[in-house]
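S.K.: Shown below is the structure under consideration.
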Amino acid sequence: MSQENKVKTSRPFGLRDKLGYMIGNIGNDLTFFLASNYFMVFYTNVMGVSPATVGTLFGIARLVDAFTDVGMGVIVDNAMTTRVGKFKPWLRRMAFPVGIASALMYNSFIVDWSPTAKVIYMFITYLLWGSIFYTSINIPYGSLASVVSGKAEDRANLSTFRSIGSTLIQFSLGFVVPLIAYSADGKVLATNFTWLAIALGLAAAVCYLLCYGMVEERVELPQGDKFSAKAMLTDILELIQDRGFLGLMFSTMFMLAGLISLGQLLQYTYLDFFQNTRILPIATAGMTLSALVVAPFVSTITKKFGKKEAGSFALIGAGAIYLIAFVLKIQSPLVFAILVIVAGIVMGYYMMAMYAFVTDVIDDFYVKRGTRKDGTIYAVYSFTRKVGQAIAGFLAGALLTAIGYQSGVEQQTAEVANSIYNVGTLLPGALLLAAGLILLFMYPLNKQKVNENTRIIESENQ
């Protein structure tokens with residue numbers, strides 16, 4: 001290999017690192033979950049902005065992210081390694097900017113502004129949070145997993161703990177946020193949204209600082225080269241020709257589009273089709289908490305079947321469940337919530353192991369190309385996640401508009417309510433099914449190939 005990875009002598013990898021990394025992802029999800037599941041609801045129901053306009057914002061933001069995500073990845077790869085490492089310093093630098101930017105997005109004090117002014121404010125604050133500050137901390141955080149330990153099993157443990165943290169916080173927010181954000185009769189409480197966003201933004205900053213203090217970088221990467229636009233383009237061209245990365249990119253894009261569209265449309269399904277927001281916390285919390293059922297078995301399943309094999313089955317199974325729900329047209333809000341929980345259990349393995357797919361691709365790229373591009377690979381991966389989010393937002397917004405959804409009205413028509421149910425089951429079902437099929441047939445890093453790459457890299461570090 002053309003680059004050498006040195007393993008620093010330090011305290012052994014252990015529970016402190018796993019918990020610290022988990023807390024860091026809780027910081028990510030405190031603002032990301034709110035934006036993914038409630039940003040559209042806040043601006044359509046409180047500010048009276050059309051779903052199509054919000055969907056357009058998501059699309060524009062992803063175009064901006066194409067530059068900011070990849071740019072941040074290159075900055076990180078070419079950054080000097082400090083006393084505490086290459087990636088950790090960014091957690092301390094950007095912790096509070098991320099939290100403040102997130103809080104600004106849910107400002108109920110602009111409710112009396114003109115429609116144009118509200119749209120402009122919405123665009124500025126969302127781009128400030130998602131395309132600049134969230135990117136500047138999420139890329140280094142994700143890249144951190146590849147240098148906390150050089151051992152494949154340790155990285156898999158980091159992925160599991162990261163997913164457990166994500167599941168726990170999404171469960172908590174899925175249960176608590178509807179109780180705070182909605183009144184007993186299902187109306188959105190604008191002022192509550194604002195104070196909730198402030199509290200979550202502050203908590204996110206604290207989580208990033210805890211991660212900084214608890215996690216240690218052990219794999220000392222080579223000092224970054226001077227920035228070169230030509231080198232950056234070469235790296236990206238190599239990436240988009242790599243089948244492993246392409247398989248991960250497209251499966252992730254469709255998976256996240258399915259998951260985010262489910263989270264967004266679930267709000268409308270319970271608000272307008274079931275007209276029952278009291279069961280909504282059970283559905284939203286259950287959707288994420290259910291994955292924890294699988295967490296104790298992730299290592300065993302991975303060793304027996306492999307990540308690709310088990311992950312594709314999980315995605316295909318979850319997609320099939322929502323397609324069945326579309327056909328059955330379930331009338332009970334409780335039964336529908338139970339179905340969401342079952343789908344979450346089926347998809348649980350993928351949700352627990354999904355970040356380990358990235359380190360597999362990073363290792364495979366290193367074995368084939370002989371160069372470490374941890375930050376760039378994670379940056380492009382992060383961008384595909386945002387594209388999936390944008391696809392979900394665009395499709396959700398466009399389809400809600402197409403079926404005649406009216407922003408700000410007390411109650412939708414029966415025809416629109418029925419269409420909301422259809423869109424809310426068919427869209428995520430089809431997207432999750434597509435993600436599973438892509439992972440199964442396009443992604444090449446099966447159990448045998450991953451084990452082979454691990455043996456090669458471990459032999460170099462000895």
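Cβ coordinates are placed from backbone N, Cα and C, and glycine is handled just like the others.
Because TrEMBL annotations are produced automatically, they should be read as predictions rather than curated entries.
Remember, it's a predicted structure, so these values are computed and weren't measured experimentally.
Below are the features listed in TrEMBL for this protein:
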| type | residues | note |
| --- | --- | --- |
| TRANSMEM | 21-43 | transmembrane segment |
| TRANSMEM | 55-75 | transmembrane segment |
| TRANSMEM | 95-113 | transmembrane segment |
| TRANSMEM | 119-139 | transmembrane segment |
| TRANSMEM | 160-181 | transmembrane segment |
| TRANSMEM | 193-215 | transmembrane segment |
| TRANSMEM | 245-266 | transmembrane segment |
| TRANSMEM | 278-298 | transmembrane segment |
| TRANSMEM | 310-328 | transmembrane segment |
| TRANSMEM | 334-358 | transmembrane segment |
| TRANSMEM | 387-405 | transmembrane segment |
| TRANSMEM | 425-445 | transmembrane segment |
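Map these features onto the structure and tell me what's around them.
M.R.: Same-chain residues lying 6 or more positions outside the transmembrane segment (21-43) and placing a CB less than 8 Å from one of its CB atoms are 49, 51, 54, 91, 95, 98-99, 102, 105-106, 118, 122, 126, 129-130, 134, 137-138, 141, 144-145, 148, 158, 161-162, 164-166, 168-170, 173-174, 177, 181, 188, 190, 193, 196-197, 200-201, 203-208, 210-211, 214-215, 260, 263-264, 267-268, 284, 389, 393, 396-397.
Here the transmembrane segment (95-113) has long-range neighbours at 27, 30-31, 34-35, 39, 42, 46-47, 121-122, 125-126, 128-129, 132-134, 136-137, 190-191, 193-194, 196-198, 200-206, 208-209, 212, meaning same-chain residues at least 6 beyond its ends whose C-beta is under 8 angstroms from one of its own.
Cβ atoms under 8 Å from those of the transmembrane segment (160-181) belong to residues 18-19, 21-26, 28-30, 33-34, 37-38, 41, 145, 188-189, 192-193, 196, 200, 277, 280-282, 284-289, 291-292, 295, 298-299, 351-356 of the same chain, restricted to positions at least 6 beyond its ends.
For the transmembrane segment (310-328), the list of distant contacts is 251, 255, 258, 262, 301-302, 336, 339, 342-344, 346-351, 353-354, 357, 422, 425-426, 428-437, 439-440, 443: same-chain residues at least six beyond its ends, Cβ to Cβ under 8 Å.
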S.K.: Kindly say whether the transmembrane segment (245-266) and the transmembrane segment (55-75) touch, using the definition of 3 or more Cβ pairs under 8 Å where each pair is 6 or more positions apart.
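M.R.: Output no: the transmembrane segment (245-266) is apart from the transmembrane segment (55-75).
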S.K.: Looking only at residues six or more beyond either end of the transmembrane segment (387-405), which have a C-beta under 8 A from one in the stretch?
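M.R.: For the transmembrane segment (387-405), the far contacts come to 36, 40, 50-59, 61-62, 65, 252-261, 264-265, 268, 412-413, 415-416, 419-420, 423, 427, 431.
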S.K.: Using a Cβ-Cβ cut-off of under 8 Å, list the residues of the same chain that are 6+ residues beyond the ends of the transmembrane segment (119-139) and lie near it.
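M.R.: Contacts with the transmembrane segment (119-139): 28, 31-32, 35, 39, 43, 47, 49, 53-54, 57, 60-61, 64-65, 68-69, 72-73, 76, 90-91, 93-95, 97-98, 101-102, 104-105, 107, 110, 113, 208, 375, 378-379, 382, 386.
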S.K.: Same chain, outside the transmembrane segment (193-215) by at least 6, Cβ under 8 Å from its Cβ: which residues?
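M.R.: Here the qualifying positions are 16-17, 19-21, 23-24, 26-28, 30-31, 34, 38, 42, 46, 84, 88, 91-92, 94-96, 98-103, 105-109, 137, 141, 144, 148, 173, 177, 180-181.
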S.K.: Same chain only, please: residues at least 6 beyond the ends of the transmembrane segment (278-298) with a C-beta under 8 Å from a C-beta of the stretch. Say none if there are none.
M.R.: 37, 156, 160, 163-164, 166-168, 170-172, 174-179, 182, 262-263, 266-267, 270-271, 333-334, 336-338, 340-345, 347-349, 351-353
